[in-house]
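A.B. asks: Residues or ranges marked as signal peptide in TrEMBL: 1-23. Among the features that TrEMBL reports, domain 'Partial AB-hydrolase lipase' is placed at 45-103. If you look up TrEMBL, you'll see SER179 marked as active site, nucleophile. Under the heading active site, charge relay system, TrEMBL lists ASP347, HIS376.
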Amino acid sequence: MDKFPAILPPFLILFFSFSLSLSDGYFTGNSSHPGLTSQADSLCAQLIEPNGYSCAEYIVQTKDGYLLALQRVSSRSGDIRVQQGRPVLLQHGLFMAGDAWFLDSTEQSLGFILADQGFDVWVGNVRGTRWSHGHTSLSETEKEFWEWSWQELALYDLAEMLNYINSVTSSKIFIVGHSQGTIMSLAALTQPDIAEMVEAAALLCPISYLDHVSAPLVLRMVAVHLDQMVLGLGLHQLNFRSDVLVNLVDSLCDGHVDCTDFLSSVTGQNCCFNKTRMDFYLEYEPHPSSVKNLRHLFQMIRQGTFSRYDYGILKNLLMYGQFKPPAFDLNSIPKSLPLWMSYGGNDALADVTDVQHTLEELTSNPELLYLENYGHIDFLLSINANRDVYDHMIGFFRSLEKSSSS
């Protein structure tokens, strides 16, 4: 297994998985912390502006004190101060951040494609990721900083980003989510005050149930309680750039799971992403997450639920007033809210059976795009996703724009 570290990085990036331009020299937003990041350290400066696109940086503050980065992108010919198109919020997946939407060419990356199509593109970055800016009082070295799961990402981070975009644009918003971004979106949309700000949602690899996950290494992690092992090491941040976690995952493979094709052992077979760009991807991925977040996802796999975090009977009583955590009721997502979903036959994380379970609980009939040969990462990084996936998504958005203007 001495070769394992050389093939580990694909797992690290592929598991599961704010009013004047930054060029004007400062940040604005609903935070009192302008200029927290230098221009050179920003997503705008590193990936977006070098390709000729206007980009602005904003900082928004959640109700529990986290400082999140939002980027706003316009086309190469557009003026970011005079955006005409409908705002679109791009919400990334687990161990990723807003850079995930800009890692390929301008013709292949969804963030650039939407900007070129005239949409008002906003890019979300959840707490703990590289581009976000910490907390008003907590340090990233403190246990309390990492006391959250996707539940907080949905109800605080996504909610605050939508609220901010709505306040700036005075418009309802299109959401695009991938993987964890779809868990966040579906959970958030069960809340009427959040759903009211959303015009429609497009979900890539939609996840609300995970009990049919088939990825061998993921199932191995669940079986050995990797989340508990990491907590036992005194860790609350999941940072897969650390030697401790690289070695721990290495030991899970050794003699237990065939990690020769490491990526397939985690995500299922991916047909179409450009493996020659892996070194470039690894300049940006993976981003940290919390151990509690991983534990919440493992609860979903073990229990077959789409519910709030399970603290155990006693603490559940204290937190929720009942023995079991409340479920996120997909029936409560408004029937009138347009949904579009795209999923793949080779996805070992967003399994077709689980997607069907989600569809059965919704009161609406989402538009569906099924691609039999696509795996979990293809929806984000496939060299053909622009015509296989994104053209369909943009057509969905355009049809809603036409119907709202008629």
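Numbers here mean position along the shown chain, with the first residue as 1.
For all residues, glycine too, the Cβ spot is worked out from N, Cα and C.
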A.B. asks: For HIS376 (active site, charge relay system) and ASP347 (active site, charge relay system), determine the Cα separation and express it in whole Å.
C.D. replies: 5
A.B. asks: With DSSP as the yardstick, break the domain 'Partial AB-hydrolase lipase' (45-103) down into helix, strand and coil residue counts.
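C.D. replies: Across the domain 'Partial AB-hydrolase lipase' (45-103), DSSP assigns the residues as follows: 12 helix, 20 strand, 27 coil.
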A.B. asks: For SER179, ASP347, listed as active-site residues, tell me which one has the smallest number of other Cβ atoms within 10 Å.
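C.D. replies: Minimum Cβ neighbour count within 10 Å, taken over the active-site residues SER179, ASP347, occurs at ASP347.
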